[in-house]
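Reading through the C-alpha cells given below for one structure.
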Amino acid sequence: MVLSCFVPPDYERGQPTDRVCIGPPVDLPLTTTSLQLAQLLLSFLAQERERASKERWANLRTLAAASRNRKRDNSRNASDADQLTESQILADQERLAVLQAEHWEASEKERAEAELYADWSKRLEHLARELEASTTPDDTNSAGAAGIALQQLAALPFAFVVLETGREVRQTLADALSTTQMTSTERLLHIQFFLQASFRIRLISRCSATVPGHTDAILCLSFSPDAKWLASGSGDKTVRLWDPDAQLPRAMLNGHQGWVLNLAWSPDGRWLASGSMDHTVRIWDMESCLVSGRGSKTNASDVRWVFTGHSRWITALCWEPYHCNQGRCERLASASKDGSIRVWNIRLGRCERSLTGHSASVTALRWSGHGMLYSASQDCTIRVWEPSTGVCWKVLPIHGHWVNAMTLHTDHLLRCGAYSVEDNAGRSNGAAASRIRRLSVEEAADRVARLGPERLCAGSDDHTLSLLTLEFDRNQDWSTARWRVKRLTGHQQLVNHVSFSPDGRWIASASFDKSVRLWNGFSGQHVATFRQHVQAVYMCCWSSDSRLLATASRDSTVKVYDIREGLLKRDLPGHADEVYAIDWSVDGRTAASGGKDCVLKLWR
Amino acid sequence: MPQGDYIEEFRRRFGERPDQREKERKRRAREPHKVAVRSKELRGLKAKIFHRERFKEKIRLRKEERALKLKDAVAKKNDTGEDRLKNAIPAYLLDREDSVRAKALTNTIKQKRKEKGGKWDVPLPKVRPLPDDEVFRVIKTGKKAKQKEWKRMVTKVTFVGDGFTRRPPKYERFIRPMALRMRRANVTHPELNVTFSLEILGVKKNPSSPLYSQLGVITRGTIIEVNVSELGLVTTSGRVVWGKYAQVTNQPELDGTINAVMLV
C-alpha cells in the first residue's frame, strides 16, 4: 500500500499540496492498474466539480440575501434614504448580475464536462469488465483477449506519471516505482495525471505510394486542416495539390517566379497561402480550385491575391487563429528575410500592418490563441507583437545565436482550427477510429483555452532550447506580463526544429547533431534521446494523438518513434536523397514526406 | 626496406617544423632559377632532351591558361542566379550555405547488380592485358631455387591488407616488395569534381588476371575498394556508406601514387 494523491499536469514542487491536489490522499495497493487510477480520478474530479458548484451557489445566495436585506432596510426608513445606500444597492445589483452571468457560464461548462466524464467512466467500466473477463482462467483465448485489453489501456483518457520517480504508470502502480520507495508507506506519493487523446493513431508502416510530379526538390508539405488535401511546394516554382486518399495529383498552381518555400492553410481550410523566393505571398482559393471541380486545369486565375511588399524571400507564414475575429480567417502574417513582418487582410487584399523591429531575418512566426504574434529572428531575439495595433509588447533577448524555430503548446489546435479529430465512441476498439468534425468558434476557443497558460518553445543555433511560460498578473495586462524562461540544454549542435505535441505535454526537438530529443512540455525536463539517424535531422512531426513522432532527416529516411515506450518504432527508408519536409495528417491516416529526390511519398 | 611513413609519424607526434612553410615557399621560389641555370649549363644530347621537355611544358601551361580564361568567361555569363536556382533548398537551410552539401549517392543496389553480373560500366573499359612476365620477375637465388626457379617478385604496386603475415621466406612464392606497397589512393568523385585521399580497403578486380586480384596487384584499370566513411555518404536505407569502388586511372608503378575515379 502506498499513500498517494493526484496532482494536475502543471503542478510544480514547492507549492502547498493541499491546494493543488485533486481529492484526498488515498491508500492504494501496488497492484492498482492505470484503469483503476483513471476511475478513481474521475470520481474525484466529479466530487471536486460538485464542491465548486455548491460553493458558487452559496456565494450567490448570500449575496442575494444581503442585497435583499439592504433593500428592505432602505424601504423601511425611506424618509432618510441617503445617496450612499442608493449607490450601494446599485453596486450590489451589478455585482449580483456579474456573478450570475459567471455562474451560468460555469454551470454550462460543468454540464458539458460532466457529460464527457460520464461518457468516459462508462467506457472505463466497460473496459474493466472486459479485462476481468479476459483474466478468468476458463476463457479459452484469454491471452489474446488480455493483449487486446492491455493495448486499450494505452488509450485511456488519462496518463499517469509518478512525480517522485518520473516514470509512467504503464499497467500497474508497481511498474512506476523503484523498489526502495515501495517499502515506505509513510511518504505521500504524487501521481500526476495528463489528459490524453482517447483515440489512437495507427502507426505508419509502409510506403503506400510514391508520386512523381515535381521537377525539383520538394521544400514544404502541408495537409489541409480537414485532412482532405495535401499541398506541396517545390523548387520548380509550383504548388501542387494531392488527394491523399486516392494518392493522385489533383491540381497544379502555377504563378510563382521562384522556389515555393512555405505553405499555410487557413484554419478553416478555405485558403492556401504560399510564400516564395520571389518575395511574394500568394493566396489561392481552394474552394474554386478543388470543390468546383475544375480539377487539373487550374491556372493563375485561382490565385486570389498576390501580395508584394517584402524585399527578400518569405521565411514564414501564419494565419490568424480561427476563434479570433469570429472565425472569419481573413488575416495572414508573413515574415521575410529582410527582417520585417507584414499582416495582410485577404478580404481587402492589402497590407494592414508592417511590423518592423527585427534587425535580421525572421525565422519563425506564431499567432497565438490570445491574439498575439510571436516572431523569432536571427538577431537572437523573440518579439511579442500585437498585430491589430502594431505594438511590440516585449523583446526577449534570450538566446546567444540565431533563433531557428519556435512552437506554441497550442500549435496543433491552431493549425486544425475549425476541425477536430474525435474518437468514434460507438466502436469498442479504439484503434484508428477517428473522424473529423467541424467546430463552432466558441468550441474552438474553449479547446484552446483548456490547454492552459501560454507556453512557447524556441530552438536556437546556440545548441539550446528555451521554454517560455507566460505569467499574467491579475488584470491580464500584456504590458506587465512576465515570461518565465527555462533553458533546455543537451543538444550538441544547432536545433533546427522544435514541436509541441498536440496535447502540449511533450516537446520534440530535431537537431543537426543527428539526434531527436524529447522534453517535458511543462517543466522542460529532458525525457529521452533518439539517436537512430546517421545525419542531421531536419524536421519532426507528431501524430495527432501525441503517441507517435515522425522525423525527417538528411540521411534519406523517415523514422517513427513511440513516445510511450521511448523506442524507435519504424524505420522508413525509400527516399533516394535528403528528406526536407514531412507532415502527418490530422486524422492520422496518412503521412507524407518529400525531399531532394523530387518525389512525394505517402505513408500509411 | 623502407621504414614506413616515418615522416608522417614524426609530424603526427611533434607537428611540423615551425619554418617548414617558409622553406617550402623558398624552394618553390628558387625553382625557376635552378631551371634557368641548368638550361644554360647543359650541352649536347642532354640539352636537347631538356629543351624539348621545357618546350612541351610551356605549351601545356599556355593552353591551360587559355582554358581557364575561357571557363571564367563562361561562368560569368551564366552567373545570373540561374545556377543557384538549380538545386532548391528549404527555407531553414537557405542561410547555411557554408555547410558542405555533398550529394547523397544512392546506388548500392546498382553496385550490387554490377557485382553479380561481373560487368562494370567503368571509365576505363579496356586496358592492355598484362602478361605474367611483365608483372613477375623470376628470382634466381640459392641452390634449390636456382634449380627450379619458382620464386617470383611482383614488380607492380600492390595492396597488402593489415592482417597479412608473410610465409617463411623459404616457401614464399610471391614476394611483394615493401617499396611498392601502397595504402592510400587519390580518388576523384566525378560528379562533385573533388578529390579525396582515401584509404584502400582491398583490390576488387584486376582486369588482367584473377591471380593479380588475389595478390592485390594494382595496375591501370584495376577496381579497388576505398574507405569513404569520412565523406558521409548515405544509402537509401539511411546507413552510412563505408566502402565504395573506384577504378585506377594512372600507372601507379611509374608515378608512385594511385589516382582513381569513383564509380557512381
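Here, residue 1 is simply the first one shown, and the rest follow in order.
Here the Cβ of each residue, glycine as well, is placed from N, Cα and C on the backbone.
TrEMBL entries are annotated by machine, without manual review.
The repeat 'WD' annotation in TrEMBL covers A:211-243 (among others). With a threshold of 8 Å between CB atoms, the same-chain residues lying at least 6 positions outside the repeat 'WD' (A:211-243) that come near it are 249-254, 256-265, 267-269, 272, 274, 276, 284, 286, 289-290, 415-419, 436, 438, 580-587, 589-590, 592-602.
With a cut-off of 8 Å between Cβ atoms, the residues of this chain six or more beyond the repeat 'WD' (A:253-288) that come close are 216, 219-226, 228-229, 231-235, 237-241, 294, 298-300, 302-308, 310-322, 327, 329, 332, 334, 336, 344, 346, 414-419. Feature annotation from TrEMBL assigns repeat 'WD' to A:253-288 (among others).
Mean pLDDT across the repeat 'WD' (A:307-354) comes to 90 in this model. The repeat 'WD' annotation in TrEMBL covers A:307-354 (among others).
The repeat 'WD' annotation in TrEMBL covers A:355-386 (among others). Long-range neighbours of the repeat 'WD' (A:355-386) within the same chain, counting only residues 6 or more positions beyond its ends whose Cβ lies under 8 Å from a Cβ of the stretch, are 312, 315-321, 323-324, 333-343, 392-408, 410-411, 413-414, 445, 448-449, 454, 456, 458, 460, 468, 478.
If you look up TrEMBL, you'll see A:488-529 (among others) marked as repeat 'WD'. Per DSSP, the secondary structure of the repeat 'WD' (A:488-529) breaks down as 0 helix, 22 strand, 20 coil.
Annotation source TrEMBL lists repeat 'WD' at A:530-571 (among others).
Summarising the annotation, TrEMBL assigns repeat 'WD' to A:572-604 (among others).
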- In the same chain, which residue numbers or ranges, 6 or more beyond the ends of the repeat 'WD' (A:488-529), come under 8 angstroms Cβ to Cβ? 9-10, 12, 159, 166, 194-197, 401-402, 404-413, 451-452, 455, 457-467, 535-542, 544-546, 549, 551, 553, 561, 563, 566
- Note on the structure: For the repeat 'WD' (A:355-386), the DSSP helix/strand/coil residue counts are 0 helix, 17 strand, 15 coil
- Three-state composition of the repeat 'WD' (A:530-571), taking helix and strand from DSSP: 0 helix, 23 strand, 19 coil
- Message: Across the repeat 'WD' (A:307-354), what are the DSSP residue counts per state (helix, strand, coil)?
- Response: 4 helix, 24 strand, 20 coil
- Message: Quick check on the repeat 'WD' (A:572-604): DSSP residue counts for helix, strand, coil, in that order please.
- Response: 0 helix, 16 strand, 17 coil
